[in-house]
Amino acid sequence: MAAPIAVAIDAPDIETAARWASAVAPHVSTLKVGLELYLRYGPEVITTMRGASKVALFLDLKLHDIPATVAGAARAVARLKPSILTVHAAGGADMIKAAVEAAPDTKIAAVTVLTSLDDSALEQIGLRGSTSDAARRLAALAVGAGARALVCSAHEVASLRAEVGPDITMITPGVRPAGSDRGDQARVATPEEALAAGSDLLVIGRPITNAADPGAAAASIASAIRRAEATSA
Ligand SMILES: O=C(O)c1cc(=O)[nH]c(=O)n1[C@@H]1O[C@H](COP(=O)(O)O)[C@@H](O)[C@H]1O
(Lines of atoms letter the chains of each structure in order from A and count residues from 1; the text may use other names and numbers.)
(Lines give C-alpha, C1' and ligand atoms only; values in the text may rest on other atoms or scores of the structure.)
Protein backbone atom coordinates (compact mmCIF):
# COMPACT_ATOMS: atom_id res chain seq x y z
CA MET A 1 0.00 0.00 0.00
CA ALA A 2 1.22 3.53 -0.79
CA ALA A 3 2.71 5.36 2.19
CA PRO A 4 0.63 8.14 3.84
CA ILE A 5 2.70 10.89 2.28
CA ALA A 6 1.50 13.96 0.35
CA VAL A 7 4.37 15.11 -1.83
CA ALA A 8 4.33 18.91 -2.16
CA ILE A 9 4.77 19.42 -5.89
CA ASP A 10 6.03 23.00 -5.54
CA ALA A 11 7.56 23.17 -9.01
CA PRO A 12 8.30 26.28 -11.07
CA ASP A 13 6.74 24.85 -14.25
CA ILE A 14 4.30 22.17 -15.34
CA GLU A 15 6.90 19.99 -17.07
CA THR A 16 8.92 19.66 -13.86
CA ALA A 17 5.71 19.05 -11.91
CA ALA A 18 4.69 16.22 -14.26
CA ARG A 19 8.15 14.65 -14.00
CA TRP A 20 8.14 14.75 -10.19
CA ALA A 21 4.56 13.47 -10.04
CA SER A 22 5.19 10.40 -12.15
CA ALA A 23 8.44 9.63 -10.27
CA VAL A 24 6.90 9.75 -6.78
CA ALA A 25 3.33 8.55 -7.43
CA PRO A 26 4.08 4.80 -7.21
CA HIS A 27 5.29 5.25 -3.62
CA VAL A 28 2.87 7.73 -1.99
CA SER A 29 -0.85 8.16 -1.38
CA THR A 30 -1.22 11.81 -2.36
CA LEU A 31 0.09 14.64 -4.54
CA LYS A 32 -0.23 18.20 -3.23
CA VAL A 33 -0.60 21.16 -5.59
CA GLY A 34 -0.10 24.57 -3.99
CA LEU A 35 -0.07 28.24 -4.83
CA GLU A 36 3.06 28.22 -7.00
CA LEU A 37 1.62 25.89 -9.63
CA TYR A 38 -2.07 26.68 -9.26
CA LEU A 39 -1.60 30.44 -9.65
CA ARG A 40 0.40 29.89 -12.82
CA TYR A 41 -1.59 27.12 -14.50
CA GLY A 42 -4.99 26.84 -12.77
CA PRO A 43 -7.08 23.70 -13.42
CA GLU A 44 -4.67 22.56 -16.16
CA VAL A 45 -2.17 21.50 -13.51
CA ILE A 46 -4.79 19.32 -11.82
CA THR A 47 -5.46 17.53 -15.11
CA THR A 48 -1.71 17.03 -15.55
CA MET A 49 -1.31 15.57 -12.05
CA ARG A 50 -4.24 13.21 -12.61
CA GLY A 51 -2.69 12.12 -15.90
CA ALA A 52 0.50 11.21 -14.05
CA SER A 53 -1.17 8.88 -11.59
CA LYS A 54 -4.26 7.68 -9.79
CA VAL A 55 -3.23 9.05 -6.37
CA ALA A 56 -5.38 11.44 -4.34
CA LEU A 57 -5.12 15.13 -5.08
CA PHE A 58 -4.63 17.69 -2.31
CA LEU A 59 -5.26 21.29 -3.37
CA ASP A 60 -3.42 23.60 -0.98
CA LEU A 61 -4.74 27.11 -1.64
CA LYS A 62 -4.90 28.19 2.04
CA LEU A 63 -8.00 30.29 1.47
CA HIS A 64 -8.36 33.19 3.92
CA ASP A 65 -10.95 35.90 3.17
CA ILE A 66 -14.49 36.93 4.10
CA PRO A 67 -16.98 34.02 4.14
CA ALA A 68 -18.71 34.93 0.86
CA THR A 69 -15.42 35.18 -1.03
CA VAL A 70 -14.12 31.90 0.39
CA ALA A 71 -17.44 30.20 -0.44
CA GLY A 72 -17.10 31.39 -4.04
CA ALA A 73 -13.48 30.25 -4.27
CA ALA A 74 -14.23 26.84 -2.72
CA ARG A 75 -17.17 26.40 -5.11
CA ALA A 76 -14.94 27.34 -8.04
CA VAL A 77 -12.42 24.59 -7.25
CA ALA A 78 -14.91 21.99 -5.91
CA ARG A 79 -15.68 20.96 -9.49
CA LEU A 80 -12.06 19.78 -9.76
CA LYS A 81 -12.90 17.28 -7.00
CA PRO A 82 -9.73 17.55 -4.90
CA SER A 83 -9.75 15.14 -1.93
CA ILE A 84 -8.48 17.90 0.35
CA LEU A 85 -8.64 21.72 0.19
CA THR A 86 -6.90 23.98 2.72
CA VAL A 87 -8.21 27.14 4.38
CA HIS A 88 -6.58 29.16 7.18
CA ALA A 89 -8.33 28.46 10.48
CA ALA A 90 -7.58 32.07 11.48
CA GLY A 91 -10.21 33.17 8.93
CA GLY A 92 -12.75 32.30 11.61
CA ALA A 93 -15.68 29.95 12.11
CA ASP A 94 -18.04 31.52 9.56
CA MET A 95 -15.36 31.41 6.87
CA ILE A 96 -14.55 27.74 7.54
CA LYS A 97 -18.25 26.84 7.56
CA ALA A 98 -18.68 28.64 4.23
CA ALA A 99 -15.89 26.53 2.67
CA VAL A 100 -17.31 23.29 4.08
CA GLU A 101 -20.76 24.05 2.67
CA ALA A 102 -19.43 25.16 -0.71
CA ALA A 103 -17.33 22.00 -1.29
CA PRO A 104 -19.34 19.11 0.19
CA ASP A 105 -17.36 16.37 -1.57
CA THR A 106 -13.95 17.70 -0.52
CA LYS A 107 -12.37 17.42 2.92
CA ILE A 108 -11.73 20.94 4.18
CA ALA A 109 -8.42 21.04 6.06
CA ALA A 110 -7.89 23.99 8.38
CA VAL A 111 -4.30 25.21 8.73
CA THR A 112 -3.75 26.02 12.42
CA VAL A 113 -0.31 27.62 12.89
CA LEU A 114 2.07 27.51 9.91
CA THR A 115 5.03 25.21 10.53
CA SER A 116 7.36 28.05 9.49
CA LEU A 117 6.40 30.00 12.64
CA ASP A 118 7.85 29.64 16.14
CA ASP A 119 6.74 31.19 19.42
CA SER A 120 8.62 34.46 18.82
CA ALA A 121 7.13 34.83 15.32
CA LEU A 122 3.66 34.45 16.85
CA GLU A 123 4.46 37.15 19.40
CA GLN A 124 5.55 39.47 16.57
CA ILE A 125 2.17 38.94 14.89
CA GLY A 126 0.52 39.82 18.19
CA LEU A 127 -0.88 36.38 19.02
CA ARG A 128 -0.72 35.52 22.70
CA GLY A 129 0.65 32.21 23.99
CA SER A 130 2.75 29.45 22.44
CA THR A 131 2.38 27.91 18.98
CA SER A 132 0.87 24.82 20.61
CA ASP A 133 -1.73 26.85 22.55
CA ALA A 134 -2.65 28.74 19.38
CA ALA A 135 -2.84 25.52 17.34
CA ARG A 136 -5.13 23.92 19.93
CA ARG A 137 -7.44 26.97 20.04
CA LEU A 138 -7.64 27.17 16.23
CA ALA A 139 -8.17 23.40 15.90
CA ALA A 140 -11.17 23.44 18.24
CA LEU A 141 -12.63 26.42 16.39
CA ALA A 142 -12.11 24.79 12.96
CA VAL A 143 -13.59 21.42 13.89
CA GLY A 144 -16.51 23.18 15.57
CA ALA A 145 -17.12 24.94 12.25
CA GLY A 146 -17.13 21.65 10.30
CA ALA A 147 -13.52 21.11 9.17
CA ARG A 148 -12.74 17.38 8.92
CA ALA A 149 -8.95 17.76 8.74
CA LEU A 150 -6.34 19.89 10.48
CA VAL A 151 -2.86 20.98 9.40
CA CYS A 152 -0.32 21.39 12.21
CA SER A 153 3.24 20.38 13.02
CA ALA A 154 4.07 16.95 14.42
CA HIS A 155 4.73 18.65 17.75
CA GLU A 156 1.03 19.44 18.23
CA VAL A 157 -0.61 16.34 16.75
CA ALA A 158 -1.11 14.48 20.03
CA SER A 159 -2.61 17.42 21.91
CA LEU A 160 -4.84 18.39 18.97
CA ARG A 161 -5.99 14.78 18.65
CA ALA A 162 -6.94 14.80 22.33
CA GLU A 163 -8.89 18.02 21.68
CA VAL A 164 -10.80 16.97 18.53
CA GLY A 165 -11.07 13.16 18.72
CA PRO A 166 -10.14 10.25 16.47
CA ASP A 167 -12.20 11.07 13.37
CA ILE A 168 -10.33 14.17 12.25
CA THR A 169 -7.53 13.69 9.69
CA MET A 170 -4.28 15.11 11.05
CA ILE A 171 -1.95 16.45 8.35
CA THR A 172 1.63 17.41 9.20
CA PRO A 173 4.05 19.43 7.06
CA GLY A 174 7.50 20.36 8.37
CA VAL A 175 8.65 16.76 7.97
CA ARG A 176 12.39 16.33 7.60
CA PRO A 177 14.16 12.96 7.39
CA ALA A 178 17.17 12.92 9.75
CA GLY A 179 20.05 14.93 8.32
CA SER A 180 18.01 16.90 5.74
CA ASP A 181 17.95 20.68 5.56
CA ARG A 182 15.12 22.31 7.53
CA GLY A 183 15.03 25.35 5.19
CA ASP A 184 12.33 27.84 6.23
CA GLN A 185 10.51 25.35 8.48
CA ALA A 186 10.60 26.11 12.24
CA ARG A 187 8.64 23.21 13.79
CA VAL A 188 10.06 20.04 12.24
CA ALA A 189 10.04 16.31 12.94
CA THR A 190 11.26 13.17 11.20
CA PRO A 191 8.71 11.01 9.33
CA GLU A 192 8.96 8.38 12.09
CA GLU A 193 8.33 11.00 14.82
CA ALA A 194 5.35 12.47 12.95
CA LEU A 195 3.78 9.01 12.54
CA ALA A 196 4.43 8.05 16.16
CA ALA A 197 2.74 11.30 17.26
CA GLY A 198 -0.40 10.23 15.38
CA SER A 199 -0.17 12.02 12.04
CA ASP A 200 -2.40 10.56 9.30
CA LEU A 201 -0.69 12.25 6.34
CA LEU A 202 2.88 13.57 6.16
CA VAL A 203 3.43 16.51 3.80
CA ILE A 204 6.94 16.36 2.36
CA GLY A 205 8.28 18.60 -0.39
CA ARG A 206 11.91 19.61 -0.84
CA PRO A 207 13.50 16.59 0.88
CA ILE A 208 11.97 14.60 -2.00
CA THR A 209 11.75 17.04 -4.90
CA ASN A 210 15.24 18.53 -4.44
CA ALA A 211 16.81 15.06 -4.34
CA ALA A 212 18.83 13.96 -7.36
CA ASP A 213 16.28 11.16 -7.81
CA PRO A 214 12.86 12.18 -6.38
CA GLY A 215 11.38 8.73 -7.04
CA ALA A 216 14.15 7.03 -5.05
CA ALA A 217 13.86 9.61 -2.23
CA ALA A 218 10.08 8.99 -1.99
CA ALA A 219 10.61 5.21 -2.04
CA SER A 220 13.20 5.42 0.72
CA ILE A 221 10.99 7.55 3.03
CA ALA A 222 8.03 5.28 2.27
CA SER A 223 9.96 2.18 3.29
CA ALA A 224 11.27 3.88 6.47
CA ILE A 225 7.65 4.59 7.36
CA ARG A 226 6.62 1.00 6.68
CA ARG A 227 9.44 -0.24 8.91
CA ALA A 228 8.38 2.16 11.69
CA GLU A 229 4.73 1.04 11.35
CA ALA A 230 5.77 -2.64 11.48
CA THR A 231 7.82 -2.09 14.63
CA SER A 232 5.03 -0.24 16.44
CA ALA A 233 2.32 -2.78 15.39
O1 LIG B 1 -0.82 23.62 4.23
C2 LIG B 1 0.30 23.14 4.03
O3 LIG B 1 0.46 22.17 3.31
C4 LIG B 1 1.41 23.70 4.81
C5 LIG B 1 1.10 24.21 6.06
C6 LIG B 1 2.12 24.55 6.95
O7 LIG B 1 1.88 24.93 8.09
N8 LIG B 1 3.41 24.41 6.54
C9 LIG B 1 3.75 23.98 5.28
O10 LIG B 1 4.95 23.85 5.00
N11 LIG B 1 2.74 23.67 4.38
C12 LIG B 1 3.08 23.25 3.02
O13 LIG B 1 3.82 22.04 3.07
C14 LIG B 1 4.86 22.03 2.08
C15 LIG B 1 6.17 21.82 2.80
O16 LIG B 1 7.20 21.68 1.87
P17 LIG B 1 8.69 21.35 2.30
O18 LIG B 1 9.08 22.34 3.37
O19 LIG B 1 9.45 21.56 1.03
O20 LIG B 1 8.69 19.93 2.80
C21 LIG B 1 4.77 23.34 1.32
O22 LIG B 1 4.04 23.09 0.13
C23 LIG B 1 3.97 24.25 2.23
O24 LIG B 1 3.16 25.15 1.51
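Using the three backbone atoms N, Cα and C, a Cβ is placed for every residue, glycine included.
Since we're looking at a predicted model, the values are computed, not measured.
Annotated domain 'Orotidine 5'-phosphate decarboxylase' per TrEMBL: 4-221, in sequence order. Positions annotated as substrate binding site by TrEMBL: ASP10, LYS32, 60-69, THR115, ARG176, GLN185, 205-206. The annotation active site, for OMPdecase activity is assigned in TrEMBL to ASP60, LYS62, ASP65. Marked as active site, proton donor by TrEMBL: LYS62.
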**Request:** Return the members of ASP10, LEU61, HIS64, ASP65, THR115 (the recorded positions) with CB less than 6 angstroms from at least one atom of ligand 1, or none.
**Result:** ASP10, THR115
**Message:** If I take the alpha carbons of ASP10 (substrate binding site) and LYS62 (active site, for OMPdecase activity), what is the distance between them in whole Å?
**Reply:** 14
**Fill in**
Smallest number of other CB atoms within 10 Å: among the recorded positions ASP10, ASP60, ASP65, that is ASP65
**Request:** Return the residues near LEU61 (substrate binding site), defined as same-chain residues 6+ apart in sequence whose C-beta is under 8 angstroms from its C-beta, sorted by sequence, else 'none'.
**Result:** GLY34, LEU35, TYR38, ALA73, VAL77, LEU85, THR86
**Prompt:** What subset of the active-site residues ASP60, LYS62, ASP65 lies within 10 angstroms of GLY205 (substrate binding site) at the C-alpha level?
**Reply:** none
**Complete:** ASP60 (active site, for OMPdecase activity) and THR115 (substrate binding site), compared by Cα position, are separated in whole Å by 14
**Length of the line joining the Cα atoms of THR115 (substrate binding site) and LYS62 (active site, for OMPdecase activity), in Å** = 13
**Conformational class of ASP65 (active site, for OMPdecase activity) under the three-state DSSP mapping** = coil
**Complete:** Neighbouring CB atoms within 10 angstroms of the CB of PRO67 (substrate binding site), all protein chains considered, total 18
**Request:** Name, in the order they occur in the sequence, the residues of the same chain whose CB lies under 8 A from the CB of HIS64 (substrate binding site) and which sit 6 or more residues away.
**Result:** VAL70, VAL87, HIS88, ALA90, GLY91, MET95
